[in-house]
Amino acid sequence: MTSTVITGIGELTTNDDELGKLTDAALVVEDGRIAWIGPSTAAPAADERFDAEGRAALPGWVDSHTHLVFAGDRTAEFAARMDGKPYEAGGIAVTVEATRAATDAELAANLRRHIAEAAAQGTTFVETKTGYGLTVADERRAAVVAAAEADEVTFLGAHLVPPGADADEYVDLVCGEMLDAVAPHVGWCDVFCEKGAFDADQSRRVLTAAAERGLGLRVHGNQLGTGPGVALAVELGAASVDHCTYLTQSDVDALAGSATVATLLPACDLSTRQPLPDARALLDAGATVALASNCNPGSSYTSSMGFCVTTAVLQMRMTVDEAIRAATWGGARALRREAGEDAVGVLRPGARADVQVLEAPSTAWLAYRPGVPLTHTVWRKGVRVTGR
């Protein structure tokens, strides 16, 4: 593989504690990884050269929460919600019906389209979930489709109890035959621990069964109200608890005292007209915070991590640096991919070469110029995937 030197970087955000934020910087990409970082004046020769011409550069976005194996459209539900109808997660069943009716090829094409859409906006690492099949066969095929395209795959058979099914009998199915069918194709298991979905005991059963099969744990929790999601995630050592819209002080303290990441999904809260999470309370308490898109056809149909960063800065009292770290390193931490060989969400020698250059001299422009497309050029695994 050829090497590339990206030089003339006006401001380089690395997320590395030793390197920090550099000015007039350069980096070298070789064999899909970062090979060197330092001053532009000291940049070594490479096979190819890209002059950033004073633009800002940073790690590619790490989107640690999406639902991209789906078919169909829920525009009517969105319009009804904007007209005052409350969001209660019931529309998931609409997507389940459409997804079951779609072919594998149709699901794969839709997934690839959304990953490409995200990449054009700077996202270089994507987690996605099953959860719109809710039968053994449909969850398995969703997992297979996702594993062929996404960086990380999560089993979410416990997304909703299918219409007409008994909740406890469905949990039995998820914990047994369904998990056995999908486990070879996924790295994670998630559960929607919320009123109207799965209670704490049911959620614990699913997560315990997944852990016994060697899967990492994640939780949808505290989206529609206070509840047991955060406490359960911390108790079981889940890598992340996602949404965190409604938190008690004990929830905040529990997250701050644990390795569980609080993954915030502001685009979802805006779309469902929920309050935005209290990111400031979490950060001030010492919790690790991630930002993710929650891209899905119902409650958050956006792949724009930049939009989430902008919202976090303008509406959630996060600084630009905090929001960028949450959307890169934080997402990587939520997937346990922030350290070691082939790390993402960070720029340092040895890390995966996922780099985005902005059409801006500073990352502050992500919030300073809201709504303006600022992605200039993107490299994923050292390969230039988009650029002006």
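In case you wondered, yes, glycine gets a Cβ from its N, Cα and C as well.
Going through TYR132, TYR246 against Swiss-Prot, the one listed in the 4-imidazolone-5-propanoate site together with ARG74, HIS159, SER299 turns out to be TYR132. Binding of Fe(3+) is attributed by Swiss-Prot to HIS65, HIS67, and within the candidate set HIS220, HIS376 the record adds HIS220 to that site. Checking each of the binding-site residues HIS65, HIS67, ARG74, HIS159, HIS220 against ASN296 (N-formimidoyl-L-glutamate binding site) by C-alpha distance, the shortest gap belongs to HIS67. Sequence-distant contacts of ARG74 (4-imidazolone-5-propanoate binding site), defined as residues of its own chain at least six apart whose C-beta falls under 8 angstroms from its C-beta, comprise GLY91, VAL94, THR95, PRO297, GLY298, TYR301. If you take the Cα of TYR132 (4-imidazolone-5-propanoate binding site) and the Cα of HIS67 (Zn(2+) binding site), they are about 9 angstrom apart, rounded to a whole number.
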